[in-house]
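Let me begin by presenting the structure, written as structure tokens, before commenting on it.
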Amino acid sequence: MAQASLLACEGLAGVSLVPTAASKKMMLSQIASKQAENGERAGSPDVLRCSSQGHRKDSDKSRSRKDDDSLSEASHSKKTVKKVVVVEQNGSFQVKIPKNFVCEHCFGAFRSSYHLKRHILIHTGEKPFECDICDMRFIQKYHLERHKRVHSGEKPYQCERCHQCFSRTDRLLRHKRMCQGCQSKTSDGQFSL
């Protein structure tokens, strides 16, 4: 990434803009033309920082070493979530969170240590959440809560067309895709031909 131009804005804490290969040339040419307008030397900075006064290049001497050290410490903080913004040639962009936590069993990658720990339960077979009625066990608390609806008979998800109720959202979505009668009903409850 020596030639890539990265933008890190104070307004977007922990976010870096990373241009794609196609957009690098366009972005670098825009930076070079802006530098020429301002009477600055030609060339592309590796990193641009946004400030309330405008853009600031890494080569600027106005920033102290203390500022650099505090920036470095903030970027290595465990609570800081790094986000990468990928800029396309047409100007659109996507925010991506790198998957830095890797499972040693299957090499699956995850965005947080929580998600990795939850995933490892699949490999260990551990199911810490147990139903107090039927002794079924689950990896996630949400799955246990969803299972308990079987015993209680609760069906909180309702089809807005035919008013049939379901205990799970995936069952409601399947119903909406599969039920032809539901799709052809009119608002007054009559079937249309």
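Backbone N, Cα and C define each Cβ position, glycine as well.
Sequence annotations record features per position, and here Swiss-Prot assigns region 'Disordered' to 33-75.
Swiss-Prot lists Lys34 with the feature SUMO2 cross-link.
For Ser44, the entry in Swiss-Prot reads phosphoserine.
Among the features that Swiss-Prot reports, compositional bias 'Basic and acidic residues' is placed at 55-69.
Here Swiss-Prot flags 101-123 (among others) as zinc finger. Sequence-distant contacts of the zinc finger (101-123), counting only residues of its own chain at least 6 positions beyond either end whose CB sits under 8 Å from a CB of the stretch, comprise 139-140.
Residues of the same chain lying 6 or more positions beyond the ends of the zinc finger (129-151) and with a Cβ under 8 Å from any Cβ of it are 118, 121-122, 167-168. Per Swiss-Prot, the feature zinc finger maps to 129-151 (among others); the stated evidence is sequence analysis.
As annotated by Swiss-Prot, zinc finger applies to 157-179 (among others), with the evidence given as sequence analysis.
Helix first, then strand, then coil: DSSP counts for the zinc finger (129-151) stand at 11 helix, 4 strand, 8 coil.
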